[in-house]
Amino acid sequence: MQSDAPSNPPRHVAIVMDGNGRWATSRGLPRPAGHQAGVETVRRVVEAAPRLGIETLTLYAFSSDNWRRPTAEVAALMALLRRFVRAETGRLAQAGARVTMLGRRDRLPAGLAAEIAAAEQATASGTKLHLRVALDYSARDAILDAARRAAALPQLTREAFSRLLSGGDHAAEPVPDVDLLIRTGGEQRLSDFLLWECAYAELLFVPCLWPDFSAGGLADAVAWYAARERRFGGVGAASAASPAPAVAAVPSAA
Ligand code: FPP
């Protein structure tokens, strides 16, 4: 497989796929047509991710607050997701992707929940990309749920809590923190997505509507990330070498 990855790609990229509704409305189409077009973008991005050095890709497909949308739009989205999972599982398994879902499963249509469980099983041995789909997902609910389960642990560390948050038990392989969060559609908010995992994520908000986003857009985002200096609260290479400014350099009030 040809690699287009920079030397320090983001290991974990998370995406808020926003703008489907506006994409459809601006074309005089019903909103679900935007979600349908969004599925094509999902295919492009999932295919491009491993080439760019991305190991984990988390897509926000449906938030727990999205149940407030019109019934017909929710039903159309659930049907689309079911079709996607059914149609793509074989291809994803062949490409070496491992699919897992995060979020509540008990409120999903039974057919979709079953299709997801089958996809998780069929792709369990994939090592090239971990594709996580957030469905009926709320970061605050996920944190509460992990906190309840954490109470049973003899010792609680950040790492153990992260494992609980990513759905596994305390012995599971932890999902790395998000390095790069991309939100399409021009809004600049997190909308209850991966609030713990994004503690030090680089945030990239792009105006492009999700159906118009491309593999090239993802490559640009990865290149933007690779040029960022991540300090994690410390000092950067340049700042570490230069002394702190003298207090006298601050203009006096006198
Ligand atoms: C937000 O756009 C998008 C969603 C709530 C759904 C995202 C779902 C998909 C892209 C399709 C299926 C996903 C997978 C993983 C196969 P919006 O409707 O809020 O857009 P707007 O802000 O323009 O109204």
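Heads up, the Cβ atoms here are built off N, Cα and C, so glycines get one too.
As annotated by TrEMBL, Mg(2+) binding site applies to Asp18, Glu202. Under the heading active site, TrEMBL lists Asp18. The substrate binding site annotation in TrEMBL covers 19-23, Arg31, His35, 63-65, Trp67, Arg69, Arg183, 189-191. Summarising the annotation, TrEMBL assigns active site, proton acceptor to Asn66.
Overlay of TrEMBL annotations on the structure.
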residue: Asp18; record: Mg(2+) binding site; Cβ neighbours (10 Å): 22
residue: Gly19; record: substrate binding site; Cβ neighbours (10 Å): 25
residue: Gly21; record: substrate binding site; Cβ neighbours (10 Å): 21
residue: Trp23; record: substrate binding site; Cβ neighbours (10 Å): 23
residue: His35; record: substrate binding site; Cβ neighbours (10 Å): 24
residue: Ser64; record: substrate binding site; Cβ neighbours (10 Å): 19
residue: Asn66; record: active site, proton acceptor; Cβ neighbours (10 Å): 16
residue: Trp67; record: substrate binding site; Cβ neighbours (10 Å): 11
residue: Leu190; record: substrate binding site; Cβ neighbours (10 Å): 17
residue: Glu202; record: Mg(2+) binding site; Cβ neighbours (10 Å): 17
Spatial separation of the residue listed as 'active site, proton acceptor' from Gly21 (substrate binding site) - C-alpha basis, Å:
13
Can you check which residues sit near Arg183 (substrate binding site), meaning Cβ under 8 Å from its Cβ, same chain, 6 or more apart in sequence, and list them in order?
Ile15, Val16, Asp18, Arg189, Leu203, Leu204, Phe205, Val206
Listed binding-site residues with Cβ under 6 Å from ligand 1, out of Asp18, His35, Arg183:
Asp18, His35
Whole-number Å distance separating the Cα atoms of Trp23 (substrate binding site) and Asn66 (active site, proton acceptor) is 18
Rounded Cα-Cα span from the residue listed as 'active site, proton acceptor' to Gly19 (substrate binding site), Å:
14
His35 (substrate binding site) versus Asn66 (active site, proton acceptor) - Cα distance in angstrom:
13
Taking the Cα atoms as reference points, how far is Leu190 (substrate binding site) from Glu202 (Mg(2+) binding site) in Å?
12
If you measure Ser64 (substrate binding site) to Glu202 (Mg(2+) binding site) at Cα, how many Å is it?
24
Where Arg183 (substrate binding site) falls in three-state DSSP terms:
strand
Whole-number answer please: how many Å between the C-alpha atoms of Trp67 (substrate binding site) and Glu202 (Mg(2+) binding site)?
29
Students should find that the Cα atoms of His35 (substrate binding site) and Glu202 (Mg(2+) binding site) sit apart, in Å rounded to an integer, by 26
